[in-house]
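Working notes for the structure below.
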């Protein structure tokens with residue numbers, strides 16, 4: 001194992017990156033796919049007679065009912081993408097990596113096959129296919145995030161890198177759109193994605209652990225190809241017990257660390273963390289920013305159609321521009337490197353003062369959380385201005401802020417709470433934020449109906465919601481200040 005350790009780790013890292021980059025988050029390339037669906041006349045029968053007829057050579061005007069159907073599909077799919085993360089996290093924690101990945105492969109393959117064999121007459125099947133696709137994708141992400149544990153002090157960078165790759169996979173639907181315009185059918189593209197499931201299966205058994213990748217990584221840890229050659233079962237159980245004890249100590253507050261050794265070993269329950277103020281404000285932070293992102297992505301086709309005054313060529317051009325900017329994998333590692341650098345800086349201070357490592361890690365998240373809120377604020381402001389060329393800047397801010405959002409979310413949960421509860425807490429925060437994301441459909445209906453395509457009032461409300469997210473990094477900053485002034489003040 002000693003000889004194969006690093007090459008195996010790198011192979012696992014790179015194939016996981018490829019998996020997240022090409023498959024996990026394709027749902028967020030929805031605007032590109034909507035353009036193709038409209039070309040294929042999906043839900044066009046619901047339009048009014050003057051909104052265009054199937055087979056008519058003239059360009060179809062904006063159809064409110066058709067747009068509402070596509071918005072509803074994305075609302076349900078994005079809801080399931082988040083809400084099912086909680087049971088998915090439980091499955092991952094309870095049944096380990098192999099079972100979780102096999103479920104992901106089943107969902108993903110089923111979804112791609114359904115989309116491959118749908119047509120305008122069976123477009124309603126998209127209500128089943130897209131949620132399955134999103135749940136399969138999020139399971140791929142969850143099982144890959146643990147790979148960061150293989151790389152020690154670069155863990156936050158790896159986690160944010162994977163989240164960036166997840167965001168970037170939305171470009172897959174752009175590739176499908178471009179292939180469609182070159183004559184490659186939608187069916188052929190999705191059958192190809194279905195066939196790729198054989199690669200997912202091979203990676204599951206050859207390059208991934210049967211259980212979980214522990215952190216810190218024990219000596220001679222083995223998995224995948226080398227799982228038969230490393231530590232014995234008894235040694236693994238001993239290492240896992242030591243890791244659990246280490247994590248329990250590491251994430252105890254400074255106040256809890258001061259009493260005797262018996263109390264030091266006492267770990268808090270999952271629900272005590274789930275009902276904490278820290279988790280509650282993190283939920284508000286994630287939910288508000290995510291709601292705006294989902295609303296923007298789900299209604300982008302309709303937004304561009306209105307701004308371009310129903311010029312289909314212009315809409316196609318801006319849709320391509322949006323998809324081309326969706327390479328968050330190039331941006332997300334900046335966030336992780338920022339957190340890792342700050343963590344190392346605070347750790348040096350902690351060694352001098354003998355302070356809690358948990359608070360040190362927590363302090364390193366403050367700039368990342370605040371910067372994410374700031375980027376999201378700029379994104380909202382640009383998107384609220386109905387000037388088409390300005391949307392290029394909007395697209396750039398959107399992908400940067402979204403990459404920071406999910407990277408910061410995952411990284412914050414790993415350092416602010418015990419690792420043994422990560423899967424459940426990650427799932428819970430995503431599930432609860434999913435409930436908030438359901439507001440995107442009534443908001444879209446409000447804009448299309450009573451507001452008559454004027455989103456000004458909605459944008460003002462969303463701007464205020466984004467401003468509220470600055471409370472979260474401020475409160476975390478206060479915790480850090482309280483720790484520096486009086487370590488016993490942290491509860």
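We number each residue from 1, going along the chain as drawn.
Positions of Cβ are set from backbone N, Cα and C atoms, glycine also.
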Query = transmembrane segment per TrEMBL sits at which of 23-47, 123-147?
reply = 123-147
Message = Let me spell it out: take the transmembrane segment (159-180), skip the flanking residues so only those 6+ beyond its ends count, and list any with a Cβ under 8 Å from a Cβ in it.
response = 16-17, 20-33, 35-36, 39, 137, 141, 144-145, 147-148, 186, 189-190, 319-320, 323-324, 326-333, 335-336, 339, 399, 402-403, 406-411, 414
Ask   = So, do the transmembrane segment (123-147) and the transmembrane segment (456-477) meet, by the test of 3 or more Cβ pairs under 8 Å (sequence gap 6 or more)?
value = no
Note = Maximum Cβ pairs under 8 Å to the transmembrane segment (70-92) among 279-297, 359-386, 392-413 is reached by 279-297
Segment-segment contact (the transmembrane segment (392-413); the transmembrane segment (99-117)) at 3 or more Cβ pairs under 8 Å = no
Message = With CB pairs under 8 Å as the measure, which of the listed stretches 99-117, 359-386, 425-444 comes out on top against the transmembrane segment (279-297)?
response = 425-444
Residues from the same chain, set at least six apart from the ends of the transmembrane segment (99-117), whose C-beta lies under 8 A from its own = 23, 88, 91-92, 125-126, 128-130, 132-133, 135-137, 139-140, 142-143, 186-187, 189-191, 193-194, 197, 200-201, 204, 208
